[in-house]
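Below you'll find the structure, written out as structure tokens, and then a few comments.
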């Protein structure tokens, strides 16, 4: 049997027996019974060959055993002649000059059962450094995907692979087939171990990552909660329909009951029980009955007392301000603007310092440095045709038109190093202390050739399976994209695949737009420059910004070159902030035009225009300008104060707060000025006294709105989101300051203007007077008569009221349904202006990138990695815990489409034990770790990891994420996985109870807010709604009904706004939340003035009081809020920034239109049905209340507008 190798059939001697047990334990039959047909030299040679191959299979002992099994049978089995047939013998001369025959080629006959079993045990074994399969390095051109048992053995038997000592032709024969077999040949049919079996030598079962059969049976993860459903349909739709039916039923029931009560009342009056004339205190006949003091309710008393007190106070104050016009100095606050700080850092703007994501980012950045700055270029060549390359080693391969050697991309410029050297700012992971340009982490496809043209142009003739052919850059590229961590390819080129900075370039980060790992057929090149992310206070931060500026300049110049034949998208780390700042600067004129349009409207609309000759006298240009200045001063005062105390501002505040204060301020201005114009000075009354009297009449309403809004915004500052919090603080103080300045400076300004008007002096030409006198009668203007004569009667007709109620109930219920379907998030491309180069970059990013952002699972201090239990709790190789850290990450990847994961391992300078479980002692761990972390990767050390005593991290990649909803979901799932890992690792003996694992992704700080923004928004808006109810009740003398109707209407405006957001494609996010808080404030202006006017009306019926309030106050609100906001908002439609178009134009337009509709249509109708009952007073020009003690007042005179 041993004639094949020229040895006699022999009993192995003691030394050889020991060696045989080490190399080929499958042949060991015990001392005295172990036979082998090979010499000690052959055993040494076989051991060397097996060591090289088993190095990539060591994670799975049964696979390594099966691999050695076959070659031991072929080399040393005493029965080898039964399964091996020599095909080629040559005379060879040894070192001693002796010539002898040697076998250089043979056939090996294997049973397919054994071959398939061996292959199955090895096909899933991974190489941790690459995340790929070990079989891909042992199957030649076919890689892991196309590898089969036959191809696997063919590669093992090919002497050109550098591992096989001779050519072996493996013949796989199905069981029972004998046809075609040489005489005496019996295909070897030993038993191949399964990967979930222990080996005879004590090797443990393979880990789950390397063997599917070893994986525990995991329950399928719970399905994500499906849509809320009731009765087989959308649950929210059912709720909306049910609510609509209930509200309509309640309304109809109210109408029926009201009709029945009215019928009874008419019948009662017809019987003469209540009909008749009464007498007033002067014994005059009145058509209405005299109210006895005992009939005046406590609510009426409180309302009258509150109104009287506020009116008297503001009347005195207004008379004082008009008598002594003041110049209000706001410079004390405004000087704080010298210290103003605009927050442009997105992290500071949207992530609270005490938020979980922010704390995790700070921990990660402290222990591992901040995530590097990314500068990226994505290139495509859509018009270039691809080709098929017939590789000697890898067979036919598809190459896209982009993957071509003659596509020479040379946009590199010396300018990049002239003002800001790359080596000074680049991320150099393997030489951070003193990097050269070649140490900089630049990821690109040419890095497989170390960015060397000589390597790209290299060619060599190579013989494979008897075929000689030229191999070139394409063969090297094909090999490298499948084995990126190789330091030497399998071609005769012998080039490394590692980048020139010493790290691997993973193909999924270098190319994009490929299918099924067909990297050479990719549609896009991805070139990435990584820079250190210096702190903003570090001088090198400005150097990095300068380098990125030059990078963008060069790329843009190259893009503009008409000679280039490809398209590309690009970005720098600074691009997002640059584009936001650029578009903000470009849109400033739009905002200025918007404010100018509002100013022109205010100046024109405030004028009286009693005759053509008095146009210049009756115009209110300076009053309008003064009103705008009051708004501007209030905003400046707010900004100055907060700058003083160190609360930073932002561009959002600069854009939103002036708009909000202008809406509030303009409304108050119109109410005050129009009330003054509609009033007639009494005989003997001074101008100043008239102004004070008018102010006393309207200032309580102005106070009601301003105080509600200011308290609303101060409570909104309880938000945890920095942008919302700072906006609320700035807005609250600005609204308060606006009211104060209106009660002082604007009153004085109106007094001066009234003095000028009384003297018939022109406004801009004050020295010029006109002879036409001002008529001594109320100037109702154009709007008030229309509202009184046409609008209010039509609106409050009984059929119109019914229609209005039905329409607004339907709007509310429909909006409630749409509110539950609003999208939460803010896609980053919306922050970019139309036409920005970043929009094309985002398009290419989502189209061509095959992996998402990196995610690190970071461990905090408190876990001992030096113990065996500690190592087993984090690793994923043989002997590791089935639910270790990396195993759980692997289990998580079974459910997404694909996650690539790298783990931290330590295999260096240690011999693999028989059971395959390599664990260093604590001494060995501490001895080898520093060397492992500091050495540059080479053929002996092929991976860099971050593993520190205080913290360590394990890297993976998210699947591609394209919108904020996916980023938020990824964050949530990563945290769930990290929490599960934390609970498992805390069970390891010696682990601190506060030990924690958390996921870190650079985007977490931006998307964490969306995990809580819905409850956060409900909390903030609820806080804002509370003062609108409380203040309204208090200032109306504990009038709960008016406060409740006020609150319900504002809630309906907010709900309808969110519903329209869904229909118009406006996502709910922090910017939208700021606008919704603003909506509450603006809604107060639309609603509260009307509610107060109705509550204090003395008309006998609800409908008449609603008509009076609609005509008198509704006209002022329409002119002051709606018509002030709308022109300015419409101008914003021309802004370039999508953020402004969506969240300032669209959303503010919706808020204004809905506020106007509810305040001027719905609210009067609701008040006509459910408003507070009429005050128990007799109304006939001047109303006297006798013998009714409300506080200290015995006689109360109310001024009215009829």
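Don't overthink the numbers, they just go from 1 along the chain as shown.
Each residue, glycine too, has its Cβ placed from N, Cα and C.
Those TrEMBL annotations? Automatic predictions, nothing curated.
Of all ranges given (974-1000, 1109-1135), TrEMBL attaches the label transmembrane segment to 1109-1135. Looking at 1147-1170, 1171-1194, the range tied to transmembrane segment in TrEMBL is 1147-1170. Cross-referencing 777-798, 799-820, 821-842 with TrEMBL places the feature transmembrane segment at 799-820. Here the transmembrane segment (235-257) has Cβ contacts under 8 Å with residues 227-229, 802, 805-806, 809-810, 812-814, 816-817, 820-821, 1169 of the same chain, all six or more residues outside its ends. The stretch from 588-609, 621-645, 651-674, 799-820 with the most CB pairs below 8 A to the transmembrane segment (727-752) is 621-645. Long-range Cβ contacts of the transmembrane segment (651-674) within its own chain (Cβ-Cβ under 8 Å, at least 6 residues beyond either end) map to 342, 344, 349, 580, 584, 591, 595, 598, 602, 605-606, 620, 623, 627-628, 630-632, 634-635, 638-639, 694-695, 698-699, 701-702, 705-706, 709, 723, 726-727, 730-731, 734-735, 738-739, 742, 746, 750, 781, 784, 1071, 1074-1075, 1078, 1081-1082, 1085, 1089, 1113, 1115-1117, 1119-1121, 1124-1125, 1128, 1140, 1144, 1148. Here the transmembrane segment (799-820) has long-range neighbours at 228, 234, 236-237, 239-241, 243-244, 247-248, 251, 255, 1052, 1055-1060, 1062-1063, 1158, 1161-1162, 1165-1166, 1168-1169, meaning same-chain residues at least 6 beyond its ends whose C-beta is under 8 angstroms from one of its own. Across 621-645, 1044-1064, 1070-1088, the stretch most heavily in contact with the transmembrane segment (588-609), judged by Cβ pairs under 8 Å, is 621-645. Mean pLDDT for the domain 'SSD' (587-752) in this predicted model: 81.
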